[in-house]
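According to Swiss-Prot, the protein carries these features:
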- 1-27: signal peptide (SIGNAL)
- 28-256: topological domain 'Extracellular' (TOPO_DOM)
- Asn71: N-linked glycosylation site (CARBOHYD)
- Cys171-Cys185: disulfide bond (DISULFID)
- Cys232-Cys243: disulfide bond (DISULFID)
- Tyr236, Asn237, Thr238, Gly239, Lys240, Phe241: strychnine binding site (BINDING)
- 257-278: transmembrane segment (TRANSMEM)
- 279-283: topological domain 'Cytoplasmic' (TOPO_DOM)
- 284-304: transmembrane segment (TRANSMEM)
- 305-315: topological domain 'Extracellular' (TOPO_DOM)
- 316-336: transmembrane segment (TRANSMEM)
- 337-423: topological domain 'Cytoplasmic' (TOPO_DOM)
- 424-444: transmembrane segment (TRANSMEM)
- 445-456: topological domain 'Extracellular' (TOPO_DOM)
Amino acid sequence: MTTLVPASLFLLLWTLPGKVLLSVALAKEDVKSGLKGSQPMSPSDFLDKLMGRTSGYDARIRPNFKGPPVNVTCNIFINSFGSVTETTMDYRVNVFLRQQWNDPRLAYREYPDDSLDLDPSMLDSIWKPDLFFANEKGANFHEVTTDNKLLRIFKNGNVLYSIRLTLILSCPMDLKNFPMDIQTCTMQLESFGYTMNDLMFEWLEDAPAVQVAEGLTLPQFILRDEKDLGYCTKHYNTGKFTCIEVKFHLERQMGYYLIQMYIPSLLIVILSWVSFWINMDAAPARVGLGITTVLTMTTQSSGSRASLPKVSYVKAIDIWMAVCLLFVFAALLEYAAVNFVSRQHKEFMRLRRRQRRQRMEEDIIRESRFYFRGYGLGHCLQARDGGPMEGSSIYSPQPPTPLLKEGETMRKLYVDRAKRIDTISRAVFPFTFLVFNIFYWVVYKVLRSEDIHQAL
């Protein structure tokens, strides 16, 4: 009995260190495994699991495939509103285009962050809407210093895609009131391949869908605050496609056209009236002034049309230029009338001399029938009282009337008439032009402007 107790005690003491070491080793392994389980997944591993080859995500298939259409919410931030060109009827704009939609396949829980900002190169790995600008003439992306694109994925599967674009968009213009017009330019966002059964565009409702950079100014226009948002669904042979649009209202500023067109043409018309105060005998001065103003006005009118498209209707600037040209041409014709009237006395006196000469010839022929002195019969003629009639008394023409005095009177009469034309023109031309100006500006700046504002 005594020999068995020491043996068992010896066995216990021999195996105890091994058990302690084994317990410590197992405890270390448990601690390591616990720490490894609580450590978050690396971003690379997470992205590979979310949209990599092993994730089963296919960027060629839209979300909710064979289910309800994908709703894409759009909003635009305008960085700059470039030149509006009348000849080509387009405008240039630089924008941030933002699209947001939900892709349930990209929802996650494994990563602690609420959203992930991804590199633009990841755009090729996910599905994107096939948005294009229906009225686009030209566009380009921006790649300085890197691709101006943003991709953000949220925890619930929402995707935010933002891109910076410079666009040249078509803008059909109505130039009847040019340069006192208000143009409405549209921007249409449309799906290229997905019909409305697969994709729907809509404007952002929680915040302004179209924002403009603070302090944005245009050289010739004022961009009005009212921006009409709407839908422009397109129907083609291939189906019905979603489309949304925004309308920008651009009110033209007249400062440039007042300085370059209206005021110069106004001064040319006033300059043509100077000829009314120049002596009518100074024909070179008056004719030269008239022709110069006509040619200058013609050049001015041609210059105003050079920067505008060739349209079939009459514009406000065309009416102004045509009337100004008519006034300067009328001033030139006025001198032609004055010169013609002032020379009428010469024609009158020439006619009077011709008539007098004809009467004298008729009198000579009539009286010569009774003049027979050359035939020796003069002593046979008797007067009414019975006495003989001398041959010299048979024809005694009356003394000629003083034509010189009559000519001077007629010359003064017609010259006074010509001067009266100049005097009347000095009042009629400015008054008529003033009436035209009142009518012109009231119609285009008041009446038509109110009609345009009501239509908007």
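Each position is counted from 1, following the chain as shown.
Placement of Cβ uses the backbone N, Cα and C atoms for every residue, glycine included.
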Disulfide-bonded residues compared (Cys171, Cys243) - the one with the fewest other Cβ atoms within 10 Å: Cys243
Those disulfide-bonded residues listed as Cys185, Cys232, and which of them has the most Cβ atoms within 10 Å of its own Cβ: Cys185
For the topological domain 'Extracellular' (305-315), residues assigned helix / strand / coil by DSSP: 2 helix, 0 strand, 9 coil
Intrachain neighbours beyond the transmembrane segment (257-278), with Cβ under 8 angstroms and 6 or more residues off its ends: 179, 285-286, 289-290, 293, 296-297, 300-301, 303-304, 317, 320-321, 324, 327-328, 331-332, 334-335, 422, 425-426, 429-430, 433
CB-centroid shell, 8 A cutoff, strychnine site Tyr236, Asn237, Thr238, Gly239, Lys240, Phe241, site residues removed: Thr195, Lys234, His235
Mapped DSSP class for Lys240 (strychnine binding site), helix or strand or coil: strand
Rounded distance in angstrom between the Cα atoms of Phe241 (strychnine binding site) and Cys171 (disulfide bond): 22
Mean predicted confidence [pLDDT] for the topological domain 'Extracellular' (305-315): 89
Recorded positions: Asn71, Thr238 - member with fewest neighbouring CB atoms within 10 Å: Thr238
Among Tyr236, Phe241 [binding-site residues], residue with fewest other Cβ within 10 Å: Tyr236
Gly239 (strychnine binding site) versus Cys232 (disulfide bond) - Cα distance in angstrom: 14
Within the topological domain 'Cytoplasmic' (279-283), residues counted as helix, strand or coil by DSSP: 1 helix, 0 strand, 4 coil
Sequence-remote partners of the topological domain 'Extracellular' (305-315) [C-beta within less than 8 Å, at least six residues beyond its ends]: 86-89, 175-178
Cβ-Cβ neighbours of Gly239 (strychnine binding site) (radius 10 Å): 14
